[in-house]
Every structure is written in C-alpha cells, then in structure tokens.
C-alpha cells in the first residue's frame, strides 16, 4: 500500500500553519479574528511582497472595518500569538480611534512551537517549593481555575492524564478537541477529583444517558461534587446504591421530554420521596407521568402532586388505582341529577313565600290600580 498526492499542472502555492495554532488557539477564538490571523499569516509568507499590504488591504479583502482588524490584532497580541512592531515616531500609546496613527505597526507572527517549548522549560526549572506540573492543586486554590493551552501540552507529559484522554476518546468515539481537553483539566483542578472519576462520568453519560456531550458530563461531575464524590471508591459505592434510582430519574425525564440534563437537587429530592416514603413502584410512577398530557407545562412538581394525592387516598398499586377510578366513574353515573328549574318552578317557589292574606291583598291592590287607570282615561 502507498499514499500519493496528485500533481497539479499549475502550482497555486500553499500556506503552512502551525498545528499548535489550529489545535489550541483557533477553536476558542472569534471567527473574524481567525480570518485576520490566517490572511495576515499568508501575507507574511510572501517575503518582500508583504510590505505592500496594509491593515486597510486586509480589511478590504475580508469585508471588515480597519477597527475590527485592529481589534483582532489586539486579541492575538494578548495571547502572545503575534507581536506589534511599532513604526518610528508612531508611539505605542497612539489612540486607536484617531485614524492612521492607530495602525502604524507591523505584525510579527510568533513561533508557537518555540513559545510553548520555552514555557515548558521554565515550568521544569521552577523551585521545588512551587508546583512544577500545572495541574497539581495549589496550596490556596482560587475560586475558579481556568486551564490554558500550556496546561494541555503539559498534560501530555503526565501518564495518568495521557491515559485518561485516550480512554475518553474511545468512550466518545471521537478525539476530544483542545478546548474540551482544557475543560477536563479545569474539572480536575477546580474540584480536586481523580481522573478515574472523570472517566466514570463520561461512561455514565454515554452508557446510561446516551448523551455524548462534554458539557453534559460537566453537569454530572458538578452533581457528584455537591455530594462529596471525589474518589473512585466513594463513587463506586454511590453508583451501586443509586443504580436503580438513576434509572428512575432517566425514565421519568424521558417521559417528560427532558433530555440532555440532570435533575436538580430539588427534583431528585421529590423523586426520592416517591420511592422512600410513598413506596411506589416504577409502574405507578410512569402511570402518573402519563397524566402530564393534561397540562401544557409538565414538571416533576406536577407529577409529585398526583402521586401525593394517590398516597393520601391509600392507592398503592395499579390494581387499587384502577379500582379507585372505576368507583369514581360509577359514582358519577349513579349520582341523582338536580332537576332544572323552569319558569313554573320559579313562580311556584316565589309563591310559597306569601300567605293567603298577602296574596289576597296583592290581588285587590292590582284591581284598584287597574280601576283607577280606567277612570282616568
């Protein structure tokens, strides 16, 4: 077997971009900033011809404003991907909103391979009192840890993390992208959990919930963190104890059409009550779920109301529920209907409020009134 590249009759040229840029920087950058970088990088490889290009040319070719192009260069400079070489007399403090002076600099593209090699070399030479490996927990962890591209590169030197990412690629059936690598490293650092807990979270998401989303896995890990599950032993005991319970959560959420999210603590507490206090089986719980068709906004609280009513009425299983509903249907059929009142009934009921003397007085009064009208006419 052999591999070949087709020879073209006309060579239109190629632009070689460092893989570190494609893997670590491009996925998390705004799309317009990536376009500015790539076209600028393509101009930089033209040698002397590159001098005839300006920020205005770049903006025209990308259908952007010069202000947007300069914002892109600011973005890449902050990440040490490029350096600005200011023209003599322009001044670094030039107001970028004032016009030509704001673009009086050349762009020097940094060698990202050299940059990261230097950072790794510096990390290895740190004093023994500090952490030489970026993902070792600091003595005073900050409230939120944010992984960097350098952490991802350093992770490839740690056997445990290297094996973890290899396992995660197999579980997800695709290679994780660099920003997903950074997210995993952030979990390990921020929550102080072992890599095996991360692997179990991915397995649970894919095998139990059939969801292949790194963000969804993050939700699982946060739930486990709230329950103090940071090591494999505690997690294994919890999963053995909660296996049936998680399956119940999953089935209920699927019945309600809630996909790609875990139950909140309040929702889980209500569902646990159905099993622990009410002692309902899965058949009864799913039966209650079927009643949500009667509402436009189904929720765990709505189902809880149904199950609570059944519990208070002594309904424990499907058989007793069917008997209860049959009894209600029979009661509705046999209940005497209240007769509708006609004008006659209304007149009759009003007449009962008067005695014979009252009625006679009313009748005589009407006759006197009628005679008076006839005399006046």
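In case you wondered, yes, glycine gets a Cβ from its N, Cα and C as well.
According to TrEMBL:
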COMPBIAS  335-353  compositional bias 'Basic and acidic residues'
DOMAIN    165-238  domain 'DnaB/C C-terminal'
DOMAIN    259-325  domain 'DnaB/C C-terminal'
REGION    328-353  region 'Disordered'
Over the span of the domain 'DnaB/C C-terminal' (165-238), count residues by DSSP class, listing helix, strand and coil in order.
56 helix, 0 strand, 18 coil
Helix, strand, coil residue numbers for the domain 'DnaB/C C-terminal' (259-325) per DSSP?
46 helix, 0 strand, 21 coil
